[in-house]
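Asker: Sequence annotations record features per position, and here TrEMBL assigns domain 'G-protein coupled receptors family 1 profile' to 21-279. The annotation transmembrane segment is assigned in TrEMBL to 6-33, 40-62, 82-101, 113-136, 165-186, 223-243, 263-282.
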Amino acid sequence: MESSFPFGVILAVLASLIIAANAVVATAVLLLIHKNDGVSLCFTLNLAVADTLLGVAISGLVTDQLSSPARPTQKTLCTLRMAFVTSSAAASVLTVMLIAFDRYLAIKQPLRYFQIMNGLVAGACIAGLWLVSYLIGFLPLGVPIFQQTTYQGPCSFFAVFHPRFVLTLSCVGFFPALLLFVFFYCDMLKIASMHSQQIRKMEHTGATAGAYRPPRTPSDFKAVCTVAILIGSFTLSWTPFLITGIVQVACQECHLYLVLERYLWLLGVGNSLLNPLIYAYWQKEVRQQLYQMTLGVKKGLASFLLLLSARDGGPDESMETSCHIATISHPQLD
């Protein structure tokens with residue numbers, strides 16, 4: 001049996017990065033919600049929470065991967081661990097779809113959006129999302145055909161779950177939902193293009209000089225780009241795993257478990273690291289909030305250095321440190 005120690009190390013690093021990145025983005029979004037009270041930000045926060053929980057869930061697998069093969073995790077405990085991993089991954093994917101639908105609704109019904117998507121509806125959507133996610137994750141525990149008849153450690157997805165579970169998720173949930181949101185994306189692109197053409201036509205005729213201008217066009221294209229990146233990211237991350245799982249069901253003689261568990265499953269889980277990076281770079285308000293948080297950390301560090309200097313050094317050294325602190329706290333902006 002191939003050593004699982006390198007895989008355990010990779011899993012530990014990936015889990016740490018997922019937890020750290022999503023915790024930072026979740027903090028930034030929480031501060032934005034406190035300032036703006038935006039419904040769409042609640043969906044972004046839910047995505048960061050789901051990805052953080054996924055990082056926590058896979059961190060529980062690290063010990064088993066790094067431990068001796070003579071002491072594998074019990075099947076019941078392994079099944080529960082993988083159920084939590086699957087639930088968190090499902091919540092992450094469903095939240096991406098919910099964000100896509102939210103942006104589609106904002107473009108399709110701009111005047112009625114805030115009437116339709118109020119706080120109560122958003123809360124119900126998030127609660128229903130988590131309920132569906134845990135039903136998906138714990139489905140194999142109630143359906144014996146989705147469980148492996150034999151168990152051999154270390155704990156992994158296909159050590160306890162049969163590829164039929166992946167086949168069912170793909171055919172019933174993933175691919176139909178993907179086709180639906182491809183339609184949503186094409187419709188969003190069509191609406192944004194129509195708005196852009198209207199503005200170009202009005203500018204060409206000179207009607208825009210102090211006159212009405214069709215609203216929301218920049219945000220239209222921003223929403224289209226954000227949805228395209230999020231949907232494309234999770235599609236590229238999870239599709240290889242799901243398709244290979246279907247091949248494993250169709251070809252019982254094929255032994256693809258090692259590829260599925262060591263490479264393609266990690267690729268899918270890695271989507272939870274891409275999501276916060278996408279928002280940190282692509283969404284302007286999140287990027288600005290992260291910048292403000294960075295300045296706050298620099299000022300806190302500067303104050304701490306000043307206290308240390310005042311306690312251990314003389315007046316001249318304190319004055320020099322204060323000048324250096326002022327440079328750190330007030331950087332030059334391009």
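Each Cβ is built from the backbone N, Cα and C atoms, and glycine gets one as well.
Nobody curates TrEMBL annotations by hand; they come from automatic prediction.
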Asker: Between the stretches 6-33, 40-62, 82-101, 113-136, 165-186, which one has more Cβ pairs under 8 Å with the transmembrane segment (263-282) than any other?
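Answerer: Most Cβ pairs under 8 Å with the transmembrane segment (263-282) come from 6-33.
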Asker: Could you give the residue numbers and ranges of same-chain residues that sit at least 6 residues beyond the transmembrane segment (40-62) on either side and whose C-beta is under 8 angstroms from one of its C-beta atoms?
Answerer: 8, 11-12, 14-19, 22-23, 25-26, 29-30, 32-33, 81, 84-85, 88-89, 91-92, 95-96, 98-99, 102-103, 106, 117, 119, 122-123, 125-126, 129, 133, 155-156, 269, 272-273, 275-276, 279, 283, 286
Asker: Below 8 angstroms Cβ to Cβ, which residues of this chain, lying six or more residues outside the transmembrane segment (82-101), approach it?
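Answerer: For the transmembrane segment (82-101), the list is 40, 43-44, 46-47, 50-51, 53-54, 56-58, 60-61, 125-126, 129-130, 132-134, 136-138, 140-141, 155-157, 160-161, 174, 177, 181, 184-185, 226-227, 230-231, 234, 238, 268-269, 271-272, 275.
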